[in-house]
């Protein structure tokens, strides 16, 4: 009875984590699209710095209330994580600017095989045939949905290469750090968010000026745009937290594969909120293929041998465990 209850609790927490991530991720995309399209706030890197500043404030409040216990993350590990994360953010922004939409989407899809490669090489993960095939089905479905025109140039390819590898490394590192240092999602955010906020708020305005030719301090702020910025920052707290929770509970590959449900939902929400001219048979067919692939992946990877570790490669460091253990905050079982 106890194992069954434990499995039921894990399934409930897994579903809650995915739902939290999907809702906040889709929400922030819709809000940011309205902010940039309707109010001309095109300073994406600076906005991300604001997101992490708000997240930092949240972690400070929770620490003051006693919900986050003291923990340790070595400075070299923190610096590596911030380097990967910031290159991911900058690389994605530059890749979107220098590449066609089609090639940008292909680059995003390539994060799944890159994340698989990292897990195979660094964590000694073995995937079953069904798991590999289900990943290919997801890639095919999302590709049919999103990839249209495809043109490649040298600097765009370099930007996409940096974006793909840095994003994959950042997501792998979230899982790595949580396991190695016994850090919960709140604890890891408490270490990384302040460093990301500081670096992006310093570099963001210069990078945004380079990308857009506009200065963030010269933007015509008004009540409506400030409200959308506030909403974006508020939702971002949930997005950042839910990403760490999901990758911590699962892996970067599962986060990427099942995370493409967000791509499907964004397309659907876009049709409802921003017009239906993009809705056609090709997009609907791609959505159906992708969802079938996600269902197959969830079933195949959960079976014995579907996705297993050949040997443990990451030592778990000893962490002080007074009060509430940090991993309990994520409901890990």
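Heads up, the Cβ atoms here are built off N, Cα and C, so glycines get one too.
TrEMBL does not curate its annotations; it predicts them automatically.
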Among 98-119, 186-207, find the range that TrEMBL records as transmembrane segment.
-> 186-207
Quick one: which of 219-241, 311-333 does TrEMBL have down as transmembrane segment?
-> 219-241
Please work out whether the transmembrane segment (281-300) lies in contact with the transmembrane segment (133-150), by counting C-beta pairs under 8 angstroms that are 6 or more apart in sequence and asking whether there are at least 3.
-> yes
Stretch among 43-66, 156-174, 186-207 sharing the most Cβ pairs under 8 Å with the transmembrane segment (78-96) | 156-174
Could you tell me whether the transmembrane segment (43-66) and the transmembrane segment (186-207) are in contact, taking contact to mean 3+ Cβ pairs under 8 Å with a sequence separation of 6 or more?
-> yes
Seg_contact(the transmembrane segment (12-31), the transmembrane segment (156-174)) with at least 3 CB pairs under 8 angstroms, min sep 6 = no
Under an 8 Å Cβ to Cβ limit, what residues of the same chain, 6 or more beyond the ends of the transmembrane segment (43-66), are close to it?
-> 32, 35-36, 89-90, 93, 186, 189-190, 193-194, 196-197, 199-201, 203-205, 207-208, 211-212, 214, 216, 219, 229, 232-234, 236-237, 239-241, 323
